[in-house]
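*Asks:* What TrEMBL records for 80-507 is domain 'Major facilitator superfamily (MFS) profile'. Annotated transmembrane segment per TrEMBL: 81-102, 114-137, 149-170, 204-225, 231-252, 306-326, 396-413, 419-441, 453-473, 485-504, in sequence order. The region 'Disordered' feature in TrEMBL is assigned to 513-536.
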Amino acid sequence: LGFRAFRVVKFRRTGESSRSDEDGISGEHEVQIEGVRTELEPVELGDGAAVPKEFANPTDDTFMVEDAVEAIGFGKFQWKLSVITGLAWANAMEMMILSILAPQLHCEWRLPSWQVALLTSVVFVGMMSSSTLWGNISDQYGRKTGLKISVLWTLYYGILSGFAPIYSWILVLRGLVGFGIGGVPQSVTLYAEFLPMKARAKCILLIEVFWALGTVFEVLLAVVVMPTLGWRWLLILSALPLLLFAGLCFWLPESARYDVLSGNQEKALATLKRIATENGAPMPLGKLVISRQEDRGKMRDLFTPHFRWTTLLLWFIWFSNAFSYYGLVLLTTELFQAGDVCSISSRRQEVKAKCSLTCEYLTEEDYTDLLWTTLSEFPGVLVTLWIIDHIGRKKTMALSFLVFSFCSLLLFLCVGRNVLTVLLFIARAFISGGFQAAYVYTPEVYPTATRALGLGTCSGMARVGALITPFIAQVMLESSVYLTLVVYSGCCLLAALASCFLPIETKGRGLQESSHKEWGQEMVGRGSHSPEESQE
């Protein structure tokens, strides 16, 4: 028999995997094949173009969740997720109602100012006490589980509060509503973990539109409902977005990043395949890398040397955001009822001279101006959307705080109602923009193991600010409007400095999977995958 000579071809491995170290022992083998062109022609893709299936991860035999999310890209799945998580985020209605409910109950139940302020503060007490708890639940049992329970809790007690017979009952029920709202920011954690890097900042900002829609819808609902049905029906109808979420939440998947971290590879892979199918995009070739299992939801991880300053500065930034944002919301109704800043002190003195329980209902003009200032959140989203990827997350937050502080100082001038409305419009646009930038930055800076807890503790610190602000915006205002404005302006100046001193800028970086890697390594390269991080 005659034997034909066949060339034995060994290919050089170019990808990194758990087996790359073993392959490297024998060295690289380059082979020339007769009649075959060995040089590859480069293929250029336009911005935003999908990777062709034959080129999807051609050289790697393993991939991480980050790789899959980037390869699959943004599509139909993310649009659906945007709407559903946005409905949870529309709980802004439950917050906006505080500025409408306070003057109404002040008049109807003859409440003194400290009880009105307490009615607002108790909501934030509930939020503050539960934020870390919801973060722990989301890190231990899943983002979907934590979000569903918190939304259903808020829905139940939100509707019940509409039936409160006396002040003490509504105080307890609104506190329980606040306890549930403390978990709603976990919708951002779930949402962010399904977003490709280039779309993440824009998409998180876009679901903030649902917050703005919620505040606007609340004011419009109050205009229609308050004169006819009263505040009880306003409380019940304000739960509509959460009711819609409860009906649609069965569609939500668990975060693939969470499943991989908890060692559930099959479930994570099934979720990624589902996303790829819905988006009509190819899955990366190869095997999904399972990250090393870590203890999840541990507070001490937020204070490791690498994250200590980030955590402390973020806590103050979130505190200042909520303190100023909700303070402005409450101040708006107070200032509009007074007409302008300069007349508010004399008006308060006249009220005290008549009766300590004298009250004024919100007028149609008050609702109109309240609507205008609420609409400012939309340009706030657009401005933040435009600058956050140009100047970075840190500078965006700093700029937002500086503009708010400047507008607060301008309120010292004796301006008319129209100029007052414009200044409040600009201030609210930028402070809401700063809040949105913080919601983008925080999930990006923490690794998957502590992401929900990091966001939860920041949200808890925000509630501390929101808890204090009614006593500034409603109680201190009675003593000195100028001291009140100085407090808000000074707090935001300090927050602007804190934003500049944050040690990590997350612009253009991927989400960190493991706290055992250097920050941002997932997007710098995967060359340091260790055998213990992969599972054959």
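FYI, residue positions are counted from 1 along the chain as it appears here.
Cβ coordinates come from backbone N, Cα and C, glycine included.
So where do these features actually land, and what's packed around them?
*Replies:* Outside the transmembrane segment (114-137), and at least 6 residues removed from its termini, the chain residues within Cβ reach (under 8 Å) are 94-95, 98, 101-103, 105-106, 145-146, 149-150, 167, 170-171, 174-183, 185-186, 297, 299, 322, 326, 330, 452-457, 459-460, 462-464, 466-468, 470-471, 474-475.
Packing against the transmembrane segment (204-225) from elsewhere in the chain are residues 82, 85-87, 89-93, 95-97, 100, 187-188, 191-192, 195, 233-234, 237-238, 241, 364, 367, 370-371, 374-375, 377-378, 380-381, 384-385, 388, 432, 436, 439-440, 443: each is 6 or more residues past its ends and has a CB under 8 Å from a CB in it.
Tertiary neighbourhood of the transmembrane segment (231-252): same-chain residues 80-81, 84, 87-88, 90-91, 93-94, 97, 100-101, 104-105, 108, 144, 147-148, 151-152, 154-155, 158-159, 161-163, 190, 210, 214, 218, 221-222, 225, selected by CB-CB distance under 8 Å and a gap of 6+ residues from either end.
Under 8 Å from some Cβ of the transmembrane segment (396-413) lie the Cβ atoms of residues 317, 320, 324, 328, 341, 384, 387-388, 420, 423-424, 426-427, 430-431, 433-434, 437-438, 441, 482, 485, 488-490, 492-493, 495-497, 499-500, all in the same chain and six or more residues away from its ends.
Within the chain carrying the transmembrane segment (453-473), a Cβ under 8 angstroms from the stretch's Cβ atoms is held by residues 116-118, 120-121, 124-125, 127-129, 131-136, 138-139, 178, 182, 185-186, 188-189, 297-299, 301-302, 311, 314-316, 318-324, 326-328, 330-331, 334, 438, 442-443, 445-446, 484, 487-488, all 6 or more beyond its ends.
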